Amino acid sequence: MASSVCSNAINFLLLLALASHLSSVSFAGSFYQDVDITWGDGRAKILNNGELLTLSLDRSSGSGFQSKQEYLYGKIDMQIKLVPGNSAGTVTAYYLSSQGATHDEIDFEFLGNLSGDPYVVHTNLYTQGKGEREMQFYLWFDPTMDFHTYSVLWNPKHIVFYVDGTPIREFKNRESSGVAYPKNQPMRIFSSLWNADDWATRGGRVKTDWSKAPFTASFRNFNAIGCVGGSGASSCSSANNTWMWQEFDSNSVQRLKWVQENYMIYNYCTDRKRFPRGLPPECSMS
């Protein structure tokens with residue numbers, strides 16, 4: 001028991017030491033300043049003096065962008081209006097990722113559908129190159145009619161996916177129980193719109209209707225508060241960075257439960273056919 005307490009204390013001190021060597025930065029404003037368009041040959045556009053970014057997909061290509069800055073822990077917000085109408089076969093991706101074979105990744109992917117059918121919000125996590133932690137949800141609104149805020153909180157305690165401020169998924173730091181947790185690899189924010197009709201809609205049975213192209217998704221109000229390497233006057237352990245040590249209160253627990261009871265449509269932790277040798281270890285942890 002004493003050794004466990006000592007180990008937890010050492011881990012906490014190590015986190016504080018890491019935070020003291022990171023500067024906290026906040027980016028909110030112009031897409032010209034915050035992101036680089038990385039592919040699409042003109043299909044990605046920054047408009048309205050940098051306040052709006054659109055991604056388009058046609059039969060020839062999709063498009064994408066990435067943040068100029070990398071983050072090691074952070075609170076990331078983006079308002080997105082998804083592809084309207086018959087969006088079957090398309091995927092709008094919005095995620096954080098490091099690079100390399102043992103990369104870490106935190107994914108939002110929005111899977112298009114036939115007109116009138118709901119979008120699927122596909123979430124996943126990779127730690128040290130290993131994924132297979134998918135959870136999927138329907139939304140309680142039409143995400144094509146207006147902009148909605150999709151957020152990721154990543155701190156030493158947990159990773160939380162939010163929709164309009166409502167938590168839909170939590171991945172706790174369970175390193176003390178042998179479950180890998182992203183903590184060493186800075187991640188950049190990426191977004192793209194691409195064709196995935198081999199799997200995205202009803203397992204690939206519904207294909208992209210190219211007569212509806214170009215497909216367009218819109219982005220605004222990108223806000224990133226996070227820790228980046230280098231020297232700076234502020235520190236991630238400062239009192240102003242409350243997100244760094246944020247945990248769930250009782251209201252957040254209840255809202256998460258509401259979403260998962262009413263809108264979750266797939267949970268890897270209940271898919272025993274997929275894991276015949278046993279579910280991943282975090283699935284049995286409270």
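Heads up, the Cβ atoms here are built off N, Cα and C, so glycines get one too.
As annotated by TrEMBL, signal peptide applies to 1-28.
TrEMBL lists 25-219 with the feature domain 'GH16'.
Residues within less than 8 Å, Cβ to Cβ, of Glu105 (active site, nucleophile) and separated from it by at least 6 positions along the same chain comprise Tyr95, Leu96, Ser97, Ser98, Asn124, Leu125, Tyr126, Gly131, Met187. If you look up TrEMBL, you'll see Glu105 marked as active site, nucleophile.
The active site, proton donor annotation in TrEMBL covers Glu109. For Glu109 (active site, proton donor), the same-chain residues that are 6 or more apart in sequence and have a Cβ closer than 8 Å to its Cβ are Val91, Thr92, Ala93, Tyr94, Tyr95, Val121, His122, Thr123, Asn124.
Residues or ranges marked as N-linked glycosylation site by TrEMBL: Asn113. Note: Asn113 (N-linked glycosylation site) has non-local neighbours Ser87, Ala88, Tyr119, Val120, Thr201, Val206, i.e. same-chain residues 6+ apart with C-beta under 8 A of its own C-beta.
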